[in-house]
Amino acid sequence: MAFAQNLGRFVVPLALGAAVIDSAMYDVPGGYRAVMFDRFKGVLPNSVGEGTHLLVPWMQRAILYDIRIKPRNISTTTGSKDMQMVSITLRVMSRPNINKLPQIYQNLGQDYDERVLPSIGNEVLKAIVAQFDASELITNREIVSARIRDDLLNRAKDFGIELEDVSIEFTSAVEQKQIAQQDAERAKFVVEKAEQERQAAVIRAEGEAEAAAVISAALNKAGDAFVQFRKIETARDVARTLASTMEVRSANMPANTLAQSRNVSLGRLCPRHPSPKQTRCSAPAANAGRRLASSAPCARSSASRTVFSVTRTASRRTVQHKLVHNIVQMAVEKNEEADATIPPQMRDYKFTGPLRPVYPLSEKREVPAHIPPQGFSAAEAVRERGVKVCNAEEIEGMRKVCKLSREVLDYTASFIRPGITTDELDAICHQACVDRGAYPSPLNYAKFPKSVCTSVNEVICHGIPDKRPLEEGDIINLDVSLFYGGFHGDLNATYPVGKCDEKSLDLIKTTKEAMDEAIKICKPGVPYREIGNKIESIVKPKGYSIVRRYTGHGIHHLFHCAPTIVHYANSKTPGRMEPGNIFTIEPMINMGTANLDHWRDDWTAVTLDGKRSAQFEETILITETGYEILTRTSASKKKKNKKKNKKKNAANGAAAANGAAEAEEEEEDDDATPDAGTPAATD
């Protein structure tokens, strides 16, 4: 009994001690780390390594983290730059940063990878994919993977997660679908082009049939007189053919001296004959390149002894004799005119409309050295990732450059009139930029040679100013962009030249209305694709078409960046508007087809059917409550302030002021734009 009592005295304390020691010890297995939580101090700043460690029972607790690399698949479906839906699987190998385990536990918990990786993976995928066409995602897989890896590594580090490997995978079905979609688009274009050619052939045949009927009626009525008239018309056609083939040359003159012969007046080579006994004259016989008959020289000055070959018939008949001389003179003049006004690369180009460039261009204008050039050569090459949210300082910089851009556009537009050339407008715009200490953004941008884009009639955008005078009834778009204080401003507008036809005026009015209504829906949370839905709802009922090739864009330090603003409905454009986003809305509306072509100057975009096109553009800032038009006119600002003051007086019970406010509201024109935060901007 005594032994049992003595044993009990030792066993009980030993058991209690063992229990205490066991509760004070904990193990950290291999591949794990522990974060210590203290009831009084909270989460301790350092993690605990592998092995057995001690803690204060009931006061401290160890939380284990698996720090081994774990694989994870992140799948998403998003829209590419060309509005194709793309399914991508992102494969990542991740582990936590050992030194940041306490912060991970405090901010994310133990299921940190479940909370963070899917979110940032989808964010990075959508941002990168939106910058590439669907076909480019496949052909430039290495570039896309590198961009995604770099972005994802940086984003994961913000949450204390280390990524060991990142790769992307397309399903074979998606790749085949994307290739099939591209082939379908190309086939669709071929079909549309063939249909247009068929319609043109039908119209041409109908016109020829109508012409044949008119000719038959004229022959029955006029007889030989009509035939003689047609001979004269045919002679003119021959002259044009000679001009286009450039085969007018002397019978005894080598081809390389043709240019010198053009400087000699044909009037001096063959003056009017003083009598019917005048010896036979000479002139080129068409472009056959050989003499059809022998000839004797005409009476001419001693300074010129050039002899031209001529047919026997032309030398016998006075009327035809003079006609051949006229043909040669017209051919030479046409050649000289073509050499002077049409660049070589465009001489065989089939223009879609009546507009023609007038070359040579003037010399590239210089910008003073004290005005810093824009940095597009470096900045545009590496696109900013994602849609930038500008801070207060950047927004103020954008306000300044956009205000200057509006001043330059309004000033340049005040000189628009019949007779002025677009090159003269470029000089005015260039000097206005320099006077304000700003660099004209288009100048030298991807080798663009001028300081402003002038798009006349069927030109959609990016027209190069030249020496063609504006004519009564033309329409012209001025696209002005400035670089000032490290920021770009961008806007444009379309103006009538003199008196325009009603169709052109309606096109301009509809385009301006479509842009204004699209601006009014802008506010935080609105999807970017809603802009195109609003524009098409206004344009489509009028029978006009929307250009799809060109879009609006983000703008700030960079001239062109995310987001991409499409102007047509039912697009797959990703993203929603956020406060601090700055972008342009610039719909291009055509009277006819939306299809386009490019002149061989590598810039000028024209409508495929030669019908007219109009465009308007403003730069928009998304505010906390709505939007702000950074490029609005100063007149609009004054009118808005005046309207607000009169409404305030009306609210205080001033009846006269109330009536004046209503009158002012009726007088407000279409150029007025709502201030950020007003009901119109936030509705």
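Heads up, residue numbers simply count up from 1 along the chain you see.
Glycine too: its Cβ is placed from the backbone N, Cα and C atoms.
A TrEMBL annotation is a machine prediction, not a hand-curated record.
Per TrEMBL, signal peptide is recorded for 1-17. Taken from TrEMBL, the feature substrate binding site covers H462, H560. The divalent metal cation 1 binding site annotation in TrEMBL covers D479, D490, E617. Here TrEMBL flags D490, H553, E586, E617 as divalent metal cation 2 binding site. Summarising the annotation, TrEMBL assigns compositional bias 'Basic residues' to 635-649. Look at TrEMBL and you will find 650-661, 674-683 tagged as compositional bias 'Low complexity'. Marked as compositional bias 'Acidic residues' by TrEMBL: 662-673.
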* Reported as an integer number of Å, what is the Cα distance between D479 (divalent metal cation 1 binding site) and E586 (divalent metal cation 2 binding site)? -> 10
* Asked: When the Cα-Cα distance from H560 (substrate binding site) is computed for each of the binding-site residues D490, H553, E586, which gives the smallest value?
  -> H553
* How many other Cβ atoms sit within 10 Å of the Cβ of H553 (divalent metal cation 2 binding site)? -> 18
* Can you figure out which of H462, H553, E586 (the binding-site residues) comes closest in space to E617 (divalent metal cation 1 binding site), comparing Cα atoms? => E586
* Among D479, D490, E617, which are binding-site residues, the residue with the most C-beta atoms within 10 angstroms of its C-beta -> D490
* **Residues that sit under 8 angstroms from E586 (divalent metal cation 2 binding site) by C-beta distance, when 6+ apart in the chain** => N492, M515, Y550, G552, I565, H567, Q615, F616, E617, E618
* Report the same-chain neighbours of H462 (substrate binding site): residues 6+ apart in sequence with Cβ closer than 8 Å to its Cβ, ordered by sequence. => F448, C453, S455, D479, W603, T604, A605
* Structure fact -> Cβ density check for H560 (substrate binding site), other Cβ within 10 Å (all protein chains) comes to 18
* Asked: Apart from D490, H553, E586, E617, which residues in this chain have a Cβ no more than 8 Å from the mean position of the Cβ atoms of those residues at the divalent metal cation 2 site?
  -> L491, N492, G552, I555, T584, I585, E618, T619
* Structure fact -> Once DSSP output is merged into helix, strand and coil, D490 (divalent metal cation 1 binding site) belongs to strand
* Alpha-carbon spacing, D490 (divalent metal cation 1 binding site) to H553 (divalent metal cation 2 binding site), which is rounded to whole Å -> 10
* For the divalent metal cation 1 site built from D479, D490, E617, further residues of that chain with CB within 8 A of the site's CB center -> C453, V480, S481, L491, N492, T584, E586
